[in-house]
Every structure is written in structure tokens, then in C-alpha cells.
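Noted in TrEMBL for the protein shown:
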type: REGION; residues: 1-39; note: region 'Disordered'
type: REGION; residues: 60-131; note: region 'Disordered'
type: COMPBIAS; residues: 88-110; note: compositional bias 'Basic residues'
type: TRANSMEM; residues: 152-181; note: transmembrane segment
type: TRANSMEM; residues: 201-230; note: transmembrane segment
type: TRANSMEM; residues: 242-267; note: transmembrane segment
type: TRANSMEM; residues: 313-333; note: transmembrane segment
type: DOMAIN; residues: 370-408; note: domain 'RING-type'
Amino acid sequence: MKLRVQNDRRDSKRALKLRESPTVMQPNPSERGVHAGNGLSLNLQPELLTGTPVTTAAAAASSNADSSEVRVSMNGASGDSNGGASSRRSRVNSHTHSHAHSHSHGHSRAQLHSNSEPELDPSDPDGDSGEPCASLTELRCLFRWIQKSLPFLVILCAKLVVQHVLGLAVGVGLLTTFLYVNTNIQTQVFLQDRHSKLRCIWLLVFLISSTLLLYYTFLSETLYFSLIFLSPTIEPLGFWEILWAVGITNFIIKFLFMGIKCLILLVPSALVTYRTQGRWLMLTEELGQVHQATAPVPLWFRYLVSYQESDGVSGLTTGVLLALFYLILKLLGLYNQRTSLLKTVRIFLAGEHTGSAATRAQCSEAGDVCPICQGEYRDPRVLICQHVFCDKCIALWFTREKSCPLCRIVMTDKVYKWRDGATSPHLQIY
């Protein structure tokens with residue numbers, strides 16, 4: 001009797017320990033026979049969560065009334081009570097550990113599944129790892145930043161336009177004037193003897209009036225000093241002021257030499273042949289490019305040497321070194337340009353050796369038709385490859401090419417690209 005009371009107390013303690021478990025532990029049906037053979041039947045139901053001690057008699061009395069109870073029955077002899085108690089403790093502990101392990105494993109698996117669900121969200125743009133997705137994300141962020149900053153950028157651009165409206169208007173006017181005059185000069189040169197003298201006079205007057213109007217508008221800055229390699233009176237002398245003055249001077253120099261080209265076109269064709277006219281146009285453009293390259297030197301030299309009093313001797317030394325370095329680079333650039341200028345002067349003095357006068361027999365063998373203009377020969381010229389062309393046609397061809405139009409044999413080492421009256425659109429700003 002004492003042994004049963006002790007077993008009941010142990011079982012009640014185990015029930016109190018198991019009350020924290022949220023589920024019910026019951027033996028498997030396959031194990032019930034083993035439990036019955038040993039005289040032990042263990043059913044743990046939710047009533048254990050109440051925390052009340054359960055006795056053997058109460059468990060036996062309430063087993064018939066409700067199935068959700070704890071029944072502990074002992075049917076062994078007193079001789080093997082110690083063995084039965086130890087076997088019951090081992091089975092209860094094994095069931096408790098197995099249930100706790102299964103419950104903790106299920107809980108961890110559910111938690112892992114809940115944590116992994118956001119990573120499998122198909123709406124996430126970065127679900128597929130890789131560099132393309134990362135690049136797309138960066139581009140998307142950049143696009144969003146630009147989209148958000150667009151109103152501010154528009155406001156900033158509007159403010160800059162209002163502050164520099166006069167300078168921008170001058171720049172647009174100079175550019176449109178240059179494009180208009182340059183295109184018309186090339187057209188008049190291409191027409192050769194059929195070019196319009198009145199159009200050339202109009203272009204010359206237009207260039208002169210545009211230049212005078214510009215210098216009159218900025219008379220206080222004395223921008224015309226830059227044409228004779230002097231520094232204009234611009235105050236304050238900042239970077240943007242220097243850049244603006246250099247750009248205006250570059251366009252004005254282009255206008256001056258385009259005006260000289262208009263004067264060349266006004267010379268009667270009886271005094272100047274087409275080849276001679278082309279050589280004059282080519283030399284004019286080469287001299288204009290040299291002037292454009294040297295005109296910005298005083299402005300940039302003055303800007304680099306200038307320093308503030310707070311900079312002291314170090315500021316002056318740095319400015320002088322930068323100015324000397326700029327002069328060295330400028331001299332190297334002018335030396336490279338010297339080669340092209342000397343070759344142009346040589347061609348201007350000696351003429352082009354692109355062929356000789358063709359005889360009547362050579363013209364008859366060629367079919368008496370120029371391959372370029374598809375008309376009768378006018379002042380025919382025969383090349384070293386024995387192909388015959390009109391003098392003006394082949395001269396116009398060599399403004400863009402170096403080889404014969406038919407056999408592609410190289411005839412000259414220089415393309416006479418400025419002989420058609422074109423002016424370089426390159427803006428020399430340094």
C-alpha cells in the first residue's frame with residue numbers, strides 16, 4: 001500500500017511537469033499491448049494543465065465517465081514493484097522526450113518556413129540573385145532620383161538661363177551666322193563660273209555688320225583686343241568670363257577669314273582660274289586656323305598667372321608654373337600645325353601636280369566624255385594613270401579624295417579639303 005502511494009505521488013509530479021506541454025501524449029495503439037502486459041496504462045489529457053494532483057483512486061473512478069483524464073493502473077505484484085516503477089519512469093521519460101523533440105522540431109520547421117516565405121515572394125524584384133538584377137535595381141534607383149530631382153533641375157536651368165540670357169543669345173547668334181555663311185560660301189564655290197556676285201556681296205556685308213554689332217554691344221570689355229593678341233578689360237577675370245571671351249574671339253576670327261573668301265569669290269574668273277581660286281581659299285583657311293590657335297594665348301596666360309593676395313608667394317609660383325606648362329603645350333600644338341601650313345604654302349606657290357594637259361588623241365580614246373560631269377571635256381587633264389577628266393572636275397574631286405576616281409591610284413599625299421571654301425567648325429578654346 002505504501003508503494004502504491006509513492007507511485008501515485010511520483011506520477012502526480014510527472015503530471016505536473018507535463019502540464020506545460022500544449023499537446024496530449026498518448027501511447028500508440030501498437031504499444032498498448034506492451035503496456036498492458038506490464039500492468040501500466042498511461043493516458044495524459046488536458047486536465048493535467050490545471051495543476052491539480054491526481055491520485056490513483058480518482059484516476060480509476062473518472063476513467064469511465066470521461067476519456068480526457070489520466071489513468072494510472074498498477075497490476076503487478078509487490079515483488080516486482082521496483083522494476084515496474086523503473087520501467088514506468090523510463091517509458092514516461094521516453095514519451096516525454098520524444099514528444100518534446102517532435103514538438104520543438106515542428107515548431108522550428110514552422111518558424112523556418114515562415115521566415116523563408118518573404119524570400120520567395122514573386123513580387124520582389126531581387127528574388128533572382130545576380131548581377132543583371134543588381135544593375136537593373138541601380139538603374140531604377142537612378143531613374144527614380146532623376147524623376148524626383150527633375151523639378152529642381154528645371155528650376156535651376158531656368159535660373160541659369162535668366163542670369164546668362166545675353167551670353168546665350170550671343171552664342172546662338174554667332175553659331176547660326178557661321179553655319180549660314182559657311183554653307184553659302186561652299187555653294188558659291190561649287191557653282192564655279194555660275195556663282196552669284198550679289199550673294200557674295202550680301203554675305204560679306206552680313207559678316208561685317210554682325211561683327212560690328214557684337215563689338216559695339218560689348219564696347220566696355222574691349223573684346224577686339226583679343227584679335228591683336230592683347231588681353232581685354234574684363235572684370236572680374238574668372239573662368240567663365242575667359243571661356244566666353246575666347247569663344248567670341250574664335251567666332252569673330254572665323255567671320256574675318258570667311259569675309260576674305262567672299263572677296264576671293266568676287267574676283268572675276270578671267271583673272272583667277274578655278275585652280276588658283278582653290279589655292280587661295282585653301283591658304284586663307286590655313287592662316288585662319290593658325291590665328292584661331294594663337295589668339296586665346298594672352299587670355300589664358302593672364303588667367304593662370306593671376307592670384308589673390310591671400311595666396312602669397314605659393315599662389316604666384318603655382319600660377320607661373322601652370323602658365324609655363326600651358327605655353328609649352330601650345331608651342332607643341334603650333335609646331336604640329338606648322339607642317340600642314342608649310343605644305344599648303346608649298347602647294348600655293350608651286351601648284352598641284354595632279355596631271356598634265358591632255359591631247360586630242362587622249363580625249364578621243366577616253367570617249368570625249370568626262371567620267372565626272374558626263375559632258376564634253378573642258379580644259380581636259382590627264383593623270384599619271386592615263387585617265388582624262390575636266391580640269392575643274394578633277395580639282396573639285398581632289399578636295400575630298402587623294403586617288404583617281406576610276407582606278408583609285410593615289411595621286412597626292414594631301415587632301416585639299418579647304419579648296420571648296422569650307423571653314424572648320426572646330427572651336428579653339430585653349
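A Cβ is built for glycine as well, from the same backbone N, Cα and C atoms used for every other residue.
A Cβ distance under 8 Å defines the sequence-distant neighbours of the transmembrane segment (242-267), meaning residues of its chain 6+ beyond its ends; these are 167, 170-171, 174-175, 177-178, 181-182, 185, 188-189, 195, 197, 200-201, 203-204, 207-208, 210-211, 214, 218, 221, 223, 226-227, 232, 234, 277, 280-281, 284-285, 287-288, 291-292, 295-296, 299-300, 303, 421, 423, 427-430.
If you look at the transmembrane segment (313-333), the same-chain residues 6 or more away from its ends with a CB under 8 A from one of its CBs are 293-294, 297, 300-301, 304-307, 430. Note on the domain 'RING-type' (370-408): mean pLDDT across this stretch is 84. Within the domain 'RING-type' (370-408), the DSSP-based counts of helix, strand and coil residues read 7 helix, 7 strand, 25 coil.
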